[in-house]
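Taken from Swiss-Prot, the feature topological domain 'Mitochondrial intermembrane' covers 1-10, 100-119, 200-216, 294-311, and the record attributes it to similarity to another entry. Swiss-Prot lists 11-32, 77-99, 120-136, 183-199, 217-236, 271-293 with the feature transmembrane segment. The repeat 'Solcar 1' annotation in Swiss-Prot covers 11-105. Positions annotated as topological domain 'Mitochondrial matrix' by Swiss-Prot, on the basis of similarity to another entry: 33-76, 137-182, 237-270. What Swiss-Prot records for 278-300 is region 'Purine nucleotide binding', and it gives similarity to another entry as the kind of evidence.
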């Protein structure tokens with residue numbers, strides 16, 4: 001590594017793992033209200049809402065956030081943030097941080113180029129691994145985001161994040177913390193493939209054709225394209241996942257039952273409820289995360305090189 005710039009030194013797996021989790025947490029801090037708005041729009045129309053909650057109608061991303069602030073207070077768009085950050089540190093670290101390592105594992109020996117099939121396999125693998133580890137944090141995050149508290153006198157089911165884990169495990173069993181794992185694995189396999197493979201390919205082509213250098217504009221364009229593709233392919237699964245994870249025991253027999261009830265009761269357009277906030281969320285999140293991730297990798301490699309330098 002002597003004589004090389006930090007940007008020229010291949011980052012280690014540990015650097016990618018730490019950088020991905022940190023960058024994802026930073027992206028979540030900036031975009032969490034958009035995610036909460038998406039969840040509220042996705043569950044709107046369900047029959048489980050209280051009478052007071054049914055009177056609230058959410059219209060659009062900004063309208064949803066403003067309605068939440070007006071009826072529930074300024075902190076409401078950040079309900080579930082702690083669980084969200086816990087999720088990203090375990091979830092993004094695996095699905096993004098380990099993507100290159102798994103891609104290299106699937107690449108045939110002697111080949112210096114990864115095929116699209118190899119990249120898709122890597123995306124599916126790290127996405128499934130991440131869900132297996134982070135599912136309880138996702139369940140708690142969605143429960144907080146979906147809960148409506150109209151004033152100081154309203155009942156709060158959970159007093160805090162740790163209480164939510166305990167309450168769900170006590171009332172629904174440990175399996176309650178893993179509710180919706182199958183649709184979530186499906187969703188994140190799709191999202192991870194769309195995000196990572198699209199980002200990988202766009203960035204590779206921009207560099208191969210010398211359209212851009214490996215810097216901010218290249219990362220920005222690649223991340224935006226990744227966010228758009230991920231939203232288009234993942235929205236239907238995302239809506240089913242949100243509805244199923246937020247549902248009380250007995251409302252849906254399975255994710256498939258949830259999907260069928262959505263079609264019969266609300267029509268096929270229900271699968272794209274919250275599409276705009278989903279795109280704003282994923283698009284913005286991808287831009288912030290990937291740009292931060294690329295810079296963090298370089299910064300961490302620079303620190304590592306300084307520590308290893310004899311002078």
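Backbone N, Cα and C define each Cβ position, glycine as well.
Restricting the average to the topological domain 'Mitochondrial matrix' (137-182) gives a pLDDT of 86. Per DSSP, the secondary structure of the region 'Purine nucleotide binding' (278-300) breaks down as 23 helix, 0 strand, 0 coil.
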